[in-house]
Structures are given as C-alpha cells and as structure tokens.
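Visitor: Sharing the features that Swiss-Prot gives for it:
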type	residues	note
TRANSMEM	85-105	transmembrane segment
TRANSMEM	108-128	transmembrane segment
TRANSMEM	187-207	transmembrane segment
TRANSMEM	217-237	transmembrane segment
TRANSMEM	253-273	transmembrane segment
Amino acid sequence: MDWILICKALALGIVEGLTEFLPVSSTGHLIVAGSFLRFHPEQAKTFDVVIQFGAILAVCWEYRRRIIDVVTGLPAQREARRFTMNVVIATVPAVALALLFEKTIKSVLFAPVPVAVALVVGGAAILWVEGRQRERSEPARVQSIDALTPFDALKVGLAQCCALIPGMSRSGSTIIGGMLFGLERRVATEFSFFLAIPVIFGATLYETAKDWRAFNVDSVGLFAIGLVAAFVSAFACVRWLLRYVASHDFTAFAWYRIAFGLFVLLVGYSGWIEWT
C-alpha cells in the first residue's frame, strides 16, 4: 500500500465524515472527490460502506450515554420504549422502499442530471422551509426528542424516503422534513443523527453480506485508514453542527447545495468525473 493510496483513502474518509451529517449530500461529494482523486480500487463500493460506518460510529460515541440509557431502560422506562419505537417507525419506510427499488435507483438515478437536480431541489426546499420558519411567530411544536409522537416519527420517516434519490441527502431530508412538520431545529438535527444509526448500520451489514469477499488482508489497512478518518471528521462535524444550529439556520447550506448541483452537472458532462 503506497503513500498516495493512503492519502486518497484519508481524504475520502474526511469528505465522508464532513458531509454525512450536513444537509449537503455525502454521495455527491464522494463521487466528485473520488473521481478527482482517481480513487477507483476494486473494492470502491465496499470502501464507501466502511467510511459510512466510521461516520456513524462518531454519532454513537457522541450520544453513547443516551444510547446506553435507552438500551438499559427498555424493560422498565416508558420514555426509552417510546424513543425506540419512534426510531423504528421513522426507519421502516426508507428501508422498505430501498429494498424494493434498489436496482432502479442505481440504474436510473445515479447520473449527473438526477443528482444535480436533487441537489438544487433540496436547496430550494431548505430555502422554502427556512422562509416559513422566519414567518412563524410561535415556537416550534416539538421542543425535545422525548416529545415526539409516533405520527411525528412517521412523517420524518416518510421525508427520509426522499434521500433514496442520490443527491437529496439523508440528513437534509430528515432535518428539513422534521422542521416542516413542527420539530424545533436542534430537535430535528438530533433526531436525524439517531435515525442514521439503524439506517447506516443496516446498510453496512447488507453491503458486507453481499460483497464480503472484498474484505481481505490487502484491503484491511486501506479500510482502517478511511474508517478512522471518517470517524474523527464526523465527530468534529457533529459537535460543530449542534453548536451551529443553536444560533443559525440552514440557508447557507441551501445556497451551497444549489451551487454544488450546478457544479456536478458541469463536471458530469464535461467528462471530468466518472459515474459508475
């Protein structure tokens, strides 16, 4: 394993960690970054799964006390059971649709135009929702995660289905969807973090089972570098985002998405990046 390959794995791990939990689409960024870096190992798809796993481990570490409290409280605490039920309810719709339409999504939507359109449409949706937030005089209806109802969770779960379209962003769909349905900005952000845990863990197990032969002695070092880079950068990003949403809205991310969407369209049809 040469130093150039190590640096490329490190860079892609950082890109994943910085974009997985921001409403900007980690998929689009990984495609562009991977192509510019000419990072196309045989295990590229498995590498993407590994660095996603590293990113979600950062959320698990950040919320380790809450997760432990929920797990240990399931037998006796109503709040723990309701929290778990809400996460399950919000997870089911996207998982069901992903299993049904996986091949169609990869064959039809994994191209410059759909990804660019999704980025721009997602940016416009953020601007619209933030505009509604500014016009409202009353506070958001849901001020804490524990106040979420199963119906609230279902609505956020349906919003998460939009993330099956490459470029829409899972975090963007759940955060902005949550805000649209009455969740306070920080509550929507934290619930999005928790929803990522079963979704990404499930995707990791599914893809690993499909392509377990990619995990061999030659690839372990590369995977480990990407995983650690994604973990560290995601941990820093999650902490930063929680501070950011306390006093800022998501308008800046909306304009960034729109600009990045146009950039993806440009480089996609210029031949600068490869769509595989």
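Each Cβ is built from the backbone N, Cα and C atoms, and glycine gets one as well.
Remember, predicted model here, so these are calculated numbers, not experimental data.
Where in this structure would I find these features, and how exposed are they?
Guide: Long-range contacts of the transmembrane segment (253-273) within the same chain: residues 22-25, 28-29, 31-32, 35-36, 111-113, 115-120, 122-124, 126-127, 130, 167, 169, 172, each at least 6 residues beyond the stretch ends and with a Cβ under 8 Å from a Cβ of the stretch.
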Visitor: With CB pairs under 8 Å as the measure, which of the listed stretches 85-105, 108-128, 217-237 comes out on top against the transmembrane segment (187-207)?
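Guide: Maximum Cβ contact count belongs to 85-105.
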Visitor: For the transmembrane segment (217-237), give me same-chain residues lying six or more residues beyond its boundaries with a C-beta closer than 8 angstroms to one of its C-beta atoms, as numbers and ranges.
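Guide: Counting only partners 6 or more residues beyond its ends, the transmembrane segment (217-237) has Cβ contacts under 8 Å with 1, 5-6, 9-14, 16-18, 20-22, 41, 43, 46-47, 50-59, 61-62.
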